[in-house]
Amino acid sequence: MSSCGACTCGAAAARLLTTSLTSAQRGISCGRIHVPVLGRLGTLDTQILRRAPLRTFSETPAYFASKDGTNKDGSGDGNKKSVTEGSSKKSGSGNSGKGGNQLRCPKCGDLCTHVETFVSSTRFVKCEKCHHFFVVLSEADSKKSIIKEPESAAEAVKLAFQQKPPPPPKKIYNYLDKYVVGQSFAKKVLSVAVYNHYKRIYNNIPANLRQQAEVEKQTSLTPRELEIRRREDEYRFTKLLQIAGISPHGNALGASMQQQGSQQMPQEKRGGEVLDSPHDDIKLEKSNILLLGPTGSGKTLLAQTLAKCLDVPFAICDCTTLTQAGYVGEDIESVIAKLLQDANYNVEKAQQGIVFLDEVDKIGSVPGIHQLRDVGGEGVQQGLLKLLEGTIVNVPEKNSRKLRGETVQVDTTNILFVASGAFNGLDRIISRRKNEKYLGFGTPSNLGKGRRAAAAADLANRSGESNTHQDIEEKDRLLRHVEARDLIEFGMIPEFVGRLPVVVPLHSLDEKTLVQILTEPRNAVIPQYQALFSMDKCELNVTEDALKAIARLALERKTGARGLRSIMEKLLLEPMFEVPNSDIVCVEVDKEVVEGKKEPGYIRAPSKESSEEDYDSGVEEDGWPRQADAANS
């Protein structure tokens, strides 16, 4: 009898195991099975073992249905309505409302209801008939899940090989010359830095992946359709495990699970392999750049012009809006978010980009308030330290909600950072360090420390009468001797200065350079105003003496090239008011007009006798616009 009982229990266990395996292959399900057990001595009893219903989860894409009941893929569905994209946000309980907005079970065709959770826009629905749970996905989400998969190292190699060969530094320099006048040293530094950035991206790729990419490029292999399918299956499987509360990493809650890449990264040499290796591959490190110079000297224009001629993503970020983590303002991660946006949210491409940090001097720390938190100064510098050196930054994903916390990991190791700032008063700090008098008499010897004290001293010196040319030459001479300790005294922390090894001082603009800026480069100031007047069929003539007078006025204002536009707007205000819809065909500006001794000269078209109807504002005669009251002139 014991053998019979053992045999019976073994058969029951086998049936139970077979049923469990079958259920596991079909998904997590519930049901009832008959298990024979031993009752009283010598009798065989059969009891019904009930299991608590387990939730069954499935994942199905939502297809759009037309009015005639035909799905997007062309298959008819009879009277059953397909799941629409907008229906995942509405309640699907009951039969009221439009039939197209109701969710139906893919297995039995019965109506599904939404699962109430703390998230208002839940995607979980439940079939009341077969008690199955489903995750509603649209076609866009299905495609997005494939794109979400992290690209492998081979993809980065292919991206590097798909790009055009890097332009030589001389070609970049000549391109910058067309838009930026002067600053030859800064243009050389930026041209060489960009060229070396291209070479560093190529060199830091492992040799085996580089050879593989070259072979694939030459043989032009077939598309990665099988790989995409495999990634899709893997993503769906891990997604279902998360929903069911089973994590591949052993986490019972299944809260955070990093997506696994399709290919493994090449293993680096570790431990004894490094000791036994006769040679190591050279890994090129980046050299971040710091541009410093007076306002209006062309720092931002250099960055904007450089961004047009590059094949790598380029982002210009304003440091004045950055704050320390946890405070109101833009987070430091927004710097990489702008670069990722310029790369069209391609992570591998963004990791090879260039970031231009403008107005970096505005985040200098202010001495004397160490007992308080400098959230817009020293706190931002501390947050930028690892970003400049190279770290993995979690950037919020495109169109992601803060509640979900979806982020994209971006490695900043190969991202080149170029910082720029005016650093007003830095020349006075250098002069004090060198124990030199600054432009003669009256220089205080007990200057305070920090950027505020330096800027205040520089502003006080501007109020006095001094030779503008001598002032410019003295500042340029002192800025050429800038050292790291001068920047530290200005308010930059030593760790931040050490991560910007290349310091490039920009010289101030003299009168000759300002005259060239007015006329020579592409998109110059004078051609812009000539184009404005040409739209009203009028010419603008500015004499050489007038150009020199405008340059001298800009030098006196000490605002660099930005002062040129302010002066031109003031000079041409009356002509721009008089010319539209008039018989003025030419405006002449000479030296006396710039000095304010007379008004601009006008050349008018010869008047012709016409009827009153021809003086309409929309009528043009002989190519010249005419006003309604032109006869009075």
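Note: Cβ is positioned from N, Cα and C throughout, glycine not excepted.
As annotated by Swiss-Prot, region 'Disordered' applies to 65-101, 598-633. Residues annotated as compositional bias 'Basic and acidic residues' in Swiss-Prot: 69-83, 598-610. Here Swiss-Prot flags 84-93 as compositional bias 'Low complexity'. Sequence annotations record features per position, and here Swiss-Prot assigns domain 'ClpX-type ZB' to 93-146. Annotation comment: Swiss-Prot describes C105, C108, C127, C130 as Zn(2+) binding site. As annotated by Swiss-Prot, ATP binding site applies to P294, T295, G296, S297, G298, K299, T300, L301. If you look up Swiss-Prot, you'll see K437 marked as N6-acetyllysine, on the strength of similarity to another entry. Annotated compositional bias 'Acidic residues' per Swiss-Prot: 611-622, in sequence order.
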Nonlocal neighbours by CB distance (under 8 Å) for T295 (ATP binding site), same chain, sequence gap 6 or more: A422, N424, T559, G560, R562
Largest tally of Cβ atoms lying within 10 Å of a Cβ, found at which of the binding-site residues C105, C108, C130: C105
PLDDT averaged over the residues of the domain 'ClpX-type ZB' (93-146): 59
Cβ neighbours of G298 (ATP binding site) where a neighbour is any other Cβ within 10 Å: 26
Candidate nearest C130 (Zn(2+) binding site) in space, where candidates are the binding-site residues S297, G298, L301 and distance is Cα-Cα: L301
Fewest other C-beta atoms within 10 angstroms, as judged across S297, T300, which are the binding-site residues: T300
Neighbour-count leader, CB within 10 A, binding-site residues: C127, L301: C127
Local Cβ density at K299 (ATP binding site) - other Cβ atoms counted within 10 Å: 26
Surrounding CB atoms that lie within 10 Å of the CB of G296 (ATP binding site), all protein chains: 22
Alpha-carbon spacing, C108 (Zn(2+) binding site) to S297 (ATP binding site), which is rounded to whole Å: 72
Whole-number Å value for how far C105 (Zn(2+) binding site) lies from S297 (ATP binding site) (Cα to Cα): 67
Cβ neighbours of P294 (ATP binding site) where a neighbour is any other Cβ within 10 Å: 24
Distance [Cα-Cα, Å, rounded] between T300 (ATP binding site) and C127 (Zn(2+) binding site): 60
Nearest of the binding-site residues (G296, G298, K299, L301) to C105 (Zn(2+) binding site) - Cα to Cα: L301
